[in-house]
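Copied from Swiss-Prot, the annotated features are:
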type	residues	note
DOMAIN	14-255	domain 'ABC transporter'
BINDING	GLY46, PRO47, SER48, GLY49, CYS50, GLY51, LYS52, SER53	ATP binding site
Amino acid sequence: MVKEKEKPKNEIIIETENLSLFYTDFKALNEINIKILKNSITALIGPSGCGKSTFLRTLNRMNDLVEGIKIEGNVIYEGKNIYSNNFDILELRRKIGMVFQTPNPFLMSIYDNISYGPKIHGTKDKKKLDEIVEQSLKKSALWDEVKDKLNTNALSLSGGQQQRLCIARTLAIEPNVILMDEPTSALDPISTGKIEELIINLKESYTIIIVTHNMQQAGRISDKTAFFLNGCIEEESPTDELFFNPKNTKTEEYISGKFG
């Protein structure tokens, strides 16, 4: 049972200003302007190839790993442009974490999956690591299922458990924002329901931006939805408003299934 959505805080944590992205000569994102509120869930929807996943990756500079990328415009996180020359990218990716479409646990124990990030960032004390592992697994609603087998290989978990483990691994390094790229697309309905409930619970402490092809999912969990088409945001508004009273003809056609 997914609990009722609470209103987000009226405080901007991320803002993009005329953000464009080029793959060599191809313009994949075209002057994106959007404000993300703290402790909110923002859903990004649109047909395949519309730019929503590309946009998501600009928010913690994951696109830097792709050759031939050029960025124009700004991404402001907590008042600073993350594309400025002196911005600490490692710290950025700690504060803005990422959960991918396919669960990708490391080939190591459940415990080591969670403790890996904190160790990299300097936490060595075993008692502190134990605490981080337990709290991260509790926040991801996985602790009760794995507390007696923390030394078991993470790949022994089910797909849904692996995805919650990946969320726990992200939480372990204390992010402020969690980016999710279709985190339930490879999961069965029961596992999907657990992840959705988890996402809503996480909103109390984190800001979440999620790419989803599932419009029903966007309706169930998000506060605001942005509809992407051809590298642009065609429309963004509170989720209920966008789905039940869209202002843009293309939005209405997409959510009614006329294309996509």
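Start at 1 and count along the chain as shown; that gives each residue its number.
Positions of Cβ are set from backbone N, Cα and C atoms, glycine also.
Shown on the structure are the features that Swiss-Prot records.
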residue: GLY46; record: ATP binding site; Cβ neighbours (10 Å): 26
residue: PRO47; record: ATP binding site; Cβ neighbours (10 Å): 14
residue: SER48; record: ATP binding site; Cβ neighbours (10 Å): 8
residue: GLY49; record: ATP binding site; Cβ neighbours (10 Å): 13
residue: CYS50; record: ATP binding site; Cβ neighbours (10 Å): 23
residue: GLY51; record: ATP binding site; Cβ neighbours (10 Å): 22
residue: LYS52; record: ATP binding site; Cβ neighbours (10 Å): 27
residue: SER53; record: ATP binding site; Cβ neighbours (10 Å): 18
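Taking the centroid of the Cβ atoms of GLY46, PRO47, SER48, GLY49, CYS50, GLY51, LYS52, SER53 as the ATP site, the other same-chain residues with Cβ within 8 Å of it are THR54, PHE228, LEU229. Secondary structure at GLY49 (ATP binding site), as computed by DSSP, is coil.
Model confidence over the domain 'ABC transporter' (14-255) is summarised by a mean pLDDT of 95.
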